[in-house]
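Chemist: Summarising the annotation, Swiss-Prot assigns signal peptide to 1-21 and lists similarity to another entry as the type of evidence. Here Swiss-Prot flags 22-84 as domain 'Sushi 1', drawing on sequence analysis. Per Swiss-Prot, the feature disulfide bond maps to Cys24-Cys67, Cys49-Cys80, Cys51-Cys82, Cys126-Cys171, Cys153-Cys189. For Asn33, Asn70, Asn164, Asn195, Asn227, the entry in Swiss-Prot reads N-linked glycosylation site, with the evidence type sequence analysis. Summarising the annotation, Swiss-Prot assigns compositional bias 'Basic and acidic residues' to 98-108. Here Swiss-Prot flags 112-121, 202-225 as compositional bias 'Polar residues'. The domain 'Sushi 2' annotation in Swiss-Prot covers 124-191. Residues annotated as transmembrane segment in Swiss-Prot: 246-264. Look at Swiss-Prot and you will find 265-270 tagged as topological domain 'Cytoplasmic'.
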Amino acid sequence: MEPSLLMWGFFTFTMIPGCMAGACVQQPPSLRNATFKILGYKVGTTLNCDCQRGFRRDPSSGPYMICRGNSSHSFWENKCQCMPTSSPRIPVKQVTPRPEEQKERKTTETQGQMQPPNQANLPGHCKEPPPWEHESLKRVYHFMEGQTVRYQCLPGFRDGSAQNNSAQSVCKKQEDQEVMRWTQPKLKCKSEKENGSFPEPQMSTAAPPTTKTSLPTRTKGTTDSQNLTEVPATMQPIIFTTQYQLAVAGCVLLLLSILLLSGLTWQRRR
C-alpha cells in the first residue's frame with residue numbers, strides 16, 4: 001500500500017471519530033406519506049462527499065464537508081470534488097442510471113428530505129451546502145445533538161395524530177445510553193378522503209312542486225296596452241267518463257225523436 005494511502009487512512013481513523021462524537025449516525029426516521037425539512041444545520045454537522053456511479057472522490061478534497069462557526073457566523077468547510085474512475089485519456093461515457101436507481105431517486109425525492117425554498121439564518125446553523133458536480137443522488141449527513149427536523153404530510157394527506165409537536169424529531173442522547181438517536185415523530189398522515197372529508201352528493205327526496213301556469217285575465221276598464229293581471233290557475237285534464245257519454249247519447253236520441261214526431265205531425269195536417 002502506498003504511503004499516501006496509509007497516511008490518509010490514519011487521518012480518517014483519527015479525525016472522523018472525533019467529529020462524530022455527539023452525533024446521530026443514523027438518518028432521521030422515514031414516515032409514510034410524509035417528508036421532512038431542515039431549517040438549518042447545527043455547527044458540527046458533517047456531509048459525506050459521495051459521488052455518482054463511475055466517479056470517485058478527488059483525493060485532493062476531504063472525505064466530508066463540516067459546518068463550522070459560532071452563534072454569529074457559520075459556514076461549510078471543505079469542498080467536495082468528484083473525478084472519473086477511469087483513466088483521463090479514455091473518454092468517460094455518461095452513465096445512465098439503471099431503473100432501480102431511478103426508482104430509488106424518485107422515492108428519496110418523495111419521502112426523503114425536502115428543503116424549504118428560503119432557509120432562515122438561524123444562529124449557530126449552516127444553510128444547505130452547495131451541490132458539486134457528479135455528486136451522489138442521496139446525501140448522507142451526520143447530525144449533531146439538538147438537531148431538529150420537521151415533518152409534513154404530502155399533498156392529499158393530513159395529520160390525524162391530533163398531538164402537539166407530533167411533526168418533529170430531535171437528535172438527542174437516550175436515557176442510560178451513550179449513543180445519540182432520533183426521537184420518533186408521532187405524525188400520522190391519513191388520506192383526506194377518509195372519514196367523509198369529501199361527502200357524496202345526496203339525492204333529494206322532496207316531492208316536485210305542482211306545475212302551475214299563469215293565465216292573463218283582463219280587468220274591467222283596462223285596455224290592451226295596459227298591464228294584464230296574472231291569476232294562477234291549475235290546469236286539470238278533461239276526463240270523459242262513461243256516464244257522461246251515455247247522457248250525451250240520450251240527449252241526441254231525444255232530439256232525433258222530437259224531430260221525427262214533428263215531421264210526422266206536419267205531414268198529417270197537410
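Even glycines carry a Cβ here, placed using N, Cα and C.
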Chemist: Check the Cα distances from Cys171 (disulfide bond) to each of the disulfide-bonded residues Cys24, Cys49, Cys82 and keep only the ones within 10 Å.
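Modeler: Passing the 10 Å Cα cut: Cys24.
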Chemist: Which numbers of helix, strand and coil residues does DSSP report for the domain 'Sushi 2' (124-191)?
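Modeler: For that range the per-state counts are 0 helix, 28 strand, 40 coil.
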Chemist: Near Cys24 (disulfide bond), which residues of its chain come within a Cβ-Cβ distance under 8 Å, counting only those 6 or more away in sequence?
Modeler: His142, Phe143, Met144, Glu145, Gln147, Cys171, Met180, Arg181, Trp182
Chemist: Out of the recorded positions Asn33, Cys51, Cys67, Cys82, Cys126, give me the one sitting nearest to Cys189 (disulfide bond) by CA distance.
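Modeler: Closest by Cα distance to Cys189 (disulfide bond) among the recorded positions Asn33, Cys51, Cys67, Cys82, Cys126: Asn33.
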Chemist: Cα distance, Cys126 (disulfide bond) to Cys82 (disulfide bond), nearest Å?
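Modeler: With the alpha carbons as reference points, the distance is 23 Å.
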Chemist: When the Cα of Cys126 (disulfide bond) is compared with the Cα of each of the recorded positions Cys67, Asn70, Cys153, which one is closest?
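Modeler: When the Cα distances are compared, Cys67 comes out closest.
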Chemist: How many other Cβ atoms sit within 10 Å of the Cβ of Cys80 (disulfide bond)?
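Modeler: Total other Cβ atoms inside 10 Å, all chains included: 25.
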Chemist: Round to the nearest Å and give the CA-to-CA distance linking Cys51 (disulfide bond) with Cys80 (disulfide bond).
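Modeler: About 9 Å separates the two Cα atoms.
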Chemist: If I take the alpha carbons of Cys80 (disulfide bond) and Cys67 (disulfide bond), what is the distance between them in whole Å?
Modeler: 13
Chemist: Where does Cys24 (disulfide bond) sit in DSSP terms: helix, strand, or coil?
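Modeler: For Cys24 (disulfide bond) - judged by DSSP and reduced to three states - the answer is strand.
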Chemist: Roughly how many Å separate the Cα of Cys67 (disulfide bond) from that of Cys49 (disulfide bond), to the nearest whole number?
Modeler: 14
Chemist: Relative to the Cα of Asn33 (N-linked glycosylation site), which of the recorded positions Cys49, Asn70, Cys153 has the closest Cα?
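Modeler: Comparing Cα positions, the closest of these recorded positions turns out to be Cys153.
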